[in-house]
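If you look up TrEMBL, you'll see 31-173 marked as domain 'Lactate/malate dehydrogenase N-terminal'. According to TrEMBL, the feature NAD(+) binding site maps to GLY36, ALA37, ALA38, GLY39, GLY40, ILE41, GLY42, ASP62, ASN122, ILE145, SER146, ASN147, MET256. The substrate binding site annotation in TrEMBL covers ARG109, ARG115, ASN147, ARG181. Residues annotated as domain 'Lactate/malate dehydrogenase C-terminal' in TrEMBL: 175-338. As annotated by TrEMBL, active site, proton acceptor applies to HIS205.
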Amino acid sequence: MFRSMLVRSSASAKQSLLRRNFSTGSVPERKVAILGAAGGIGQPLALLMKLNPLVSSLSLYDIANTPGVAADVGHINTRSQVVGYMGDDNLAKALEGADLVIIPAGVPRKPGMTRDDLFNINAGIVKNLCSAIAKYCPHALVNMISNPVNSTVPIAAEIFKKAGMYDEKKLFGVTTLDVVRAKTFYAGKANVPVAEVNVPVIGGHAGVTILPLFSQATPQANLSGDVLTALTKRTQDGGTEVVEAKAGKGSATLSMAYAGALFADACLKGLNGVPDVVECSYVQSTVTELPFFASKVRLGKNGVEEVLDLGPLSDFEKEGLEALKPELKSSIEKGVKFANQ
Ligand SMILES: NC(=O)C1=CN([C@@H]2O[C@H](COP(=O)(O)OP(=O)(O)OC[C@H]3O[C@@H](n4cnc5c(N)ncnc54)[C@H](O)[C@@H]3O)[C@@H](O)[C@H]2O)C=CC1
Ligand SMILES: O=C([O-])CC(=O)C(=O)O
């Protein structure tokens, strides 16, 4: 009996050693900061990042209410240590040492508004937060969620350029929710298992600038032109569908937190050297004549490893691509102009 106890205890010692190696060795320490962590997106995103075993330190920053969110999420028995930071004076500490900063700070839409109607408030918020990132964690990857993404990403790039630390490989507009929606809507119409579906979504993140490429969707399905037109429109209007359903109580938060957590996980995998991590994102790009564009991106140890080209487009998608360019161009220019005022 004594012997079997010894065997058991040496087996459990081995297991705990393995566990320790896992937490200190093979999985690197990664600090993730969420700016706007007490908001509609921020809270469920904090929860999902707390569940991610790739995160060792989770920093929750907001101008209000972060102590409660951090205390709540911090009781979950997963790897990361959670700290809440509230107010401008604590932003430096929230950011120091961050490998990845996710920004869902800012106001959401109400019915009747476009994403661009958020520009006046959110542009200033993003500008201040990016100035702090440039100062306190210049090497971090930045996942921009705050709308209008088509403009807030160029704003961030300009702020980083002014600070002399811009690295185009490290700045991402999060367009994953467009991909999530395109997959869901396509699976419904094509009658295929949603978990197997892949659909690239290119362009930007507002109305017609969102261009799902259903011609490249897998598994392939033989959908009529009318169905493809309707699927495209529903994907482009997905945000508005939620804004209207919430009737003044904000925009997508839960599906956005899911999408944001998926994209952050892909970024962390890339940082950790996992090969072949490919996601769509709105990044600095040369795949079209526009300086920022969403397309498939290969993620690696330095962020963007490769911006993949668009692949073959149907005639309908080619038209959509040309149609989106003027709006996307003017949203980019608006952001650049604002940052340089
Ligand atoms: N990229 C995308 O696909 C999506 C983007 N969004 C955008 O995400 C943003 C946030 O949406 P919600 O979470 O629903 O809004 P929300 O109003 O519920 O939360 C925003 C949070 O940001 C905080 N905040 C405001 N100023 C801040 C500052 N200077 N520093 C730190 N935090 C600050 C607020 O205190 C609040 O807790 C909106 O701009 C919305 O349009 C929403 C859905 C999808
Ligand atoms: O529609 C909005 O305002 C929020 C958003 O970006 C989305 O849900 O795609």
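Backbone N, Cα and C atoms are what each Cβ position is placed from, and that goes for glycine too.
All TrEMBL annotations are machine predictions without curation.
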Which residues, sitting 6 or more apart from GLY40 (NAD(+) binding site) on the same chain, put a CB under 8 Å from its CB? PRO108, GLY250, SER251, THR253
Any further residue of that chain within 8 Å (Cβ to the Cβ centroid of ARG109, ARG115, ASN147, ARG181) of the recorded substrate site: PRO108, PRO148, VAL149, HIS205, ALA206, GLY239, THR240, VAL243, SER251, ALA252
Roughly how many Å separate the Cα of GLY36 (NAD(+) binding site) from that of ARG109 (substrate binding site), to the nearest whole number? 16
Listed recorded positions among ALA38, GLY42, ASN122, HIS205, MET256 whose Cα sits within 10 Å of ASN147 (substrate binding site): ASN122, HIS205
I'm trying to understand the geometry here, so how far is the Cα atom of MET256 (NAD(+) binding site) from the Cα atom of ARG181 (substrate binding site), in Å to the nearest whole number? 10
In sequence order, what residues of the same chain, 6+ apart, have a Cβ less than 8 Å from the Cβ of ASN122 (NAD(+) binding site)? GLY106, VAL107, SER146, ASN147, PRO148, THR152
Chain-internal residues near the residue listed as 'active site, proton acceptor', provided their CB is under 8 angstroms and they sit 6+ positions away: ARG115, ASN147, PRO148, VAL149, ASN150, GLY173, VAL174, THR175, ASP178, TYR282, ALA294
Helix, strand or coil at ARG109 (substrate binding site) [DSSP, three-state]: coil
From ALA38, ARG109, ARG115, ASN147, ARG181, which binding-site residues have a C-beta atom under 6 Å away from some atom of ligand 2? ARG109, ARG115, ASN147
Fewest Cβ neighbours within 10 Å, where candidates are the binding-site residues GLY36, GLY42: GLY36
When the Cβ positions of the binding-site residues GLY36, ALA38, ARG181 are compared with the atoms of ligand 1, which fall under 6 Å? GLY36, ALA38
My understanding is the cutoff is Cβ-Cβ under 8 Å with a sequence separation of 6 or more in the same chain; which residues meet that for ARG109 (substrate binding site)? ARG115, ASP117, LEU118, ASN147, GLY239, VAL243, GLY250, SER251
With DSSP helix as H/G/I and strand as E/B, how many residues of the domain 'Lactate/malate dehydrogenase N-terminal' (31-173) fall in helix, strand and coil? 65 helix, 28 strand, 50 coil
What does DSSP call HIS205 (active site, proton acceptor) in the simple three-state scheme? coil
Count the other Cβ atoms sitting within 10 Å of the Cβ of ASN147 (substrate binding site), across every protein chain shown. 26
